[in-house]
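Feature annotations, reproduced from TrEMBL:
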| type | residues | note |
| --- | --- | --- |
| BINDING | T28, G29, S30, T31, D84, G85, A86, D87, K97, G98, G99, G100, K124 | substrate binding site |
| ACT_SITE | E106 | active site, proton acceptor |
Amino acid sequence: MDKNAMKKMAAERSVDFVEDNMILGLGTGSTVVYMVEALAKRVQAEHLNLTCVCTSIRTEEQAKSLGIPVKALNDVDHIDLTIDGADEVDANFQGIKGGGAAHLFEKLVATTSTRNIWIVDQEKVVDTIGRFPLPVEVIPFGSQQVFNKMAKEGLNPEFRMTADGQHVLTDSKNYVIDLHLNQVQHPHLLASWLSEQVGVVEHGLFLDIVDQVVVGAPDGVKILTAK
Ligand SMILES: O=C(CO)[C@H](O)[C@H](O)COP(=O)(O)O
């Protein structure tokens, strides 16, 4: 089955968890695009009263264009539920995000949220995270020095560039360094090391954050719940 079809299945199922009057976090990425479309249909059909907090300019534009009410993270006092995509997730519900360079806002919204649901296709459920390059957002000033430290640690860093050779910029106008690790055996240790580096704004290790994972697979949608 095509990967996008599996993403769409998971995305459409995930909006069943949305309840009237919720403050809802909306993630970023191609799976989230399907989720926002499905959400807009429910809002319209059931006249749901929702307040949504978006994790990127892209998601905010889509939500607004479909008539979904949006507020800034600073303007809400809590978030009930956040639905987001992910790049990889293991059996312990530890994951990697940031393939769309939105992990800083995504982590802020996720850690404000009472509950977090990820929507993925089955290929993203892995034994050990790290095959997907780990995104790290860094400020442009001195980023080459941060890169050099990562290289010295054996983390195989690579600046994320556009097709025409420019640095990919996050919504906060920062750079992204992708770490080619192949596998992350000790995610908490790596997360601590990265967080200690001056110039690092946020990394894409999302540890102990997600509560449920909605997985699109050829034989249907599976809902995994954290132990
Ligand atoms: O973390 C993210 C963006 O920063 C995305 O949620 C993640 O990259 C998954 O994207 P997609 O749904 O397009 O596969």
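The backbone N, Cα and C atoms fix where each Cβ goes, glycine too.
Overlay of TrEMBL feature records on the structure.
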residue : record                       : Cβ neighbours (10 Å)
T28     : substrate binding site       : 28
S30     : substrate binding site       : 14
D84     : substrate binding site       : 32
A86     : substrate binding site       : 27
K97     : substrate binding site       : 30
G99     : substrate binding site       : 22
E106    : active site, proton acceptor : 31
K124    : substrate binding site       : 26
Contacting binding-site residues, sequence order - T28, G99, K124 vs ligand 1, Cβ under 6 Å: T28, G99
CB-centroid shell, 8 A cutoff, substrate site T28, G29, S30, T31, D84, G85, A86, D87, K97, G98, G99, G100, K124, site residues removed: G27, V32, A102, E106
Site extent for substrate, whole Å (max Cα pair distance, T28, G29, S30, T31, D84, G85, A86, D87, K97, G98, G99, G100, K124): 16
Distance, the residue listed as 'active site, proton acceptor' to A86 (substrate binding site) (CA atoms, angstrom): 10
Between T28 (substrate binding site) and the residue listed as 'active site, proton acceptor', the C-alpha gap once rounded to whole angstrom: 8
Residue pair K97 (substrate binding site), the residue listed as 'active site, proton acceptor' - Cα distance, angstrom, rounded: 9
